[in-house]
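Take a look at the structure below.
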Amino acid sequence: MNKCAIILAAGQGTRIKSKLPKVLHKACGKEMVNHVIDAMRNAEIDDVNVIIGKGAELVKERTTSKNVSYSLQAEQLGTGHAVKCAKDFLEGKTGVVAIFTGDAPLIKAETVKNLVDTHINEKNSATLLTSVIENPTGYGRIVRNGESVEKIVEHKDCNEQEIKIQEVNAGMYCFDIESLLTSLEQLSNDNAQGEYYLTDVIEILKKDNKKVGAMITDFEETLGVNSRAELAKVESIMRNRINRTHLDNGVTIIDPLNTYIEPEVVIGKDTIIYPGNVIEGKTVIGEDCILYPNSRINNSTIGNGVEIQSSVILDSKIGDETTVGPFAYVRPESNIGEHVRIGDFVEIKKSTIGNNTKVSHLTYIGDAEVGERCNFGCGTVVVNYDGKKKHKTIIGDDSFIGCNTNLVSPVEVKDNTYIAAGSTITKEVPEGSLAIARAKQQNIEGWVERKKLK
């Protein structure tokens, strides 16, 4: 059966008090609406339409990589009106449509799939996603007749029996497309708000003797975000969910409450993560690593057995058994080999570092290719920028760079070379050479006494 989805994402969200449309606020590094789109895709629904309104162009810009279509709701006149705006998307289609809100990022793909499967298997015209909660105050109650849903009653309209019902409407649905389109034509805005409500479609379907069902899910999954406090709550639940998955997969997270891991991160078993670490984007971390406190790793690949201490690694690759930090900065497009030492206050930018090389402290390497088994003394600087352009430096295998050396790019240091401490290298250093580029030391005897500095 054909399946499609509509995501309601047109509202500004005034209570969140932001210039940014509400659905573009991020939960664990990803826009809320993109969490929902991904849930649809992972539930095997590829045909997704996003209802846009406030900040429409920005929402399109932030979701364009998701390959979705859009319908414009120029005026926000209720959820029913939002779906009416997707009429062109729905017309000509057969099968079922799932309708979800773009501000509920905790929804799981398996829940979406189960809702659609339940709808199809029970041959319903509409199937509601519902939850059972202890305190349903403020929520629309689900009134059932056996397994079938009779109606949704808003809290303020409940009678004595209905007020006791704990099953509530989550505001997420699956509809038979033909039945939905027919019902939308009958929707009225004859109410105090002058809006069209999607919940009224249920009443219309029941009057037409159509079958309406419901599927209960965990209330946490259905939480919507209307304020910064609710966003923080949702993100806390999501972080806990992510961390629990890694724990269950054999990763040690010493303090999950103080560890931030985004949803697309992959971590190998027997890796240990100390508090204060931030792991973002599509980072992949191997097995048997140790992440000591307070590092940030973004969109990077970390090999097996790597140790990282209080450092920042961005868009780079770190090889097996390498150590990084403390206080190292590995900038984008760097490729660090295996068994490498990147020590304290070392900055690597857009460079390749060969296996078994040591860059132990207070060094800057930018736009360079460094061979294997090299050693960098303290205070080495690759001078890669002339004020207009960046230039490349090449350092061969088995080279020894003495302390306080300046390598002025573009320059090449061949294999098996030594550079004396304090040198400023501006020309090629031949293989097997010792390069010395510094002023000759001169001692002036009696100078201090003559100047009466003592």
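Residue positions begin at 1 at the first shown residue.
Note: Cβ is positioned from N, Cα and C throughout, glycine not excepted.
Confidence across the region 'Pyrophosphorylase' (1-228), taken as the mean pLDDT and rounded to a whole number, stands at 95. According to Swiss-Prot, the region 'Pyrophosphorylase' annotation covers 1-228, on the basis of sequence analysis.
Positions annotated as UDP-N-acetyl-alpha-D-glucosamine binding site by Swiss-Prot, on the basis of sequence analysis: 8-11, K22, Q73, 78-79, G140, E154, N169, N226, R331, K349, Y364, N375. Counting only same-chain residues at least 6 apart in sequence, those with a Cβ under 8 Å from the Cβ of G78 (UDP-N-acetyl-alpha-D-glucosamine binding site) are N189, Q193, E195, Y196, Y197, L198. When secondary structure is read from DSSP and collapsed to three states, G78 (UDP-N-acetyl-alpha-D-glucosamine binding site) falls in the coil class.
Annotated Mg(2+) binding site per Swiss-Prot: D103, N226, in sequence order. The Cβ neighbour count for N226 (Mg(2+) binding site), using a 10 Å radius over every protein chain in view, is 14.
Non-local neighbours of the region 'Linker' (229-249) in the same chain are 16, 25, 27-28, 105-106, 220, 223, 256, 259-263, 265, 267, 269; each lies 6+ residues outside the stretch with a CB under 8 Å from one of its CB atoms. Annotated region 'Linker' per Swiss-Prot: 229-249, in sequence order.
According to Swiss-Prot, the feature region 'N-acetyltransferase' maps to 250-454, an assignment based on sequence analysis.
Annotated active site, proton acceptor per Swiss-Prot: H361, in sequence order. Residue density at H361 (active site, proton acceptor): 19 other Cβ atoms are found within 10 A of its Cβ, drawing on all protein chains shown.
Residues or ranges marked as acetyl-CoA binding site in Swiss-Prot: N384, Y385, A421, R438. For the recorded site, R438 (acetyl-CoA binding site), the DSSP three-state label reads coil. Counting every protein chain shown, the Cβ of R438 (acetyl-CoA binding site) has 13 other Cβ atoms within 10 Å.
Note: D103 (Mg(2+) binding site) has non-local neighbours A9, G11, G13, K22, V23, M32, V33, G224, V225, N226, i.e. same-chain residues 6+ apart with C-beta under 8 A of its own C-beta. Counting only residues at least six positions away in the same chain, the Cβ atoms of L314, D315, S316, E347, I348, K349, K350 sit under 8 Å from the Cβ of R331 (UDP-N-acetyl-alpha-D-glucosamine binding site). Residues N384, Y385, A421, R438, recorded as binding acetyl-CoA, reach a greatest CA to CA spacing of 22 Å. Listed in sequence order, I152, V153, E154, H155, V168, N169, T199 are the same-chain residues at least 6 apart in sequence whose CB falls under 8 Å from the CB of G140 (UDP-N-acetyl-alpha-D-glucosamine binding site). DSSP gives R331 (UDP-N-acetyl-alpha-D-glucosamine binding site) a coil state; it is part of no helix or strand. Across the region 'Linker' (229-249), DSSP classifies residues as 20 helix, 0 strand, 1 coil.
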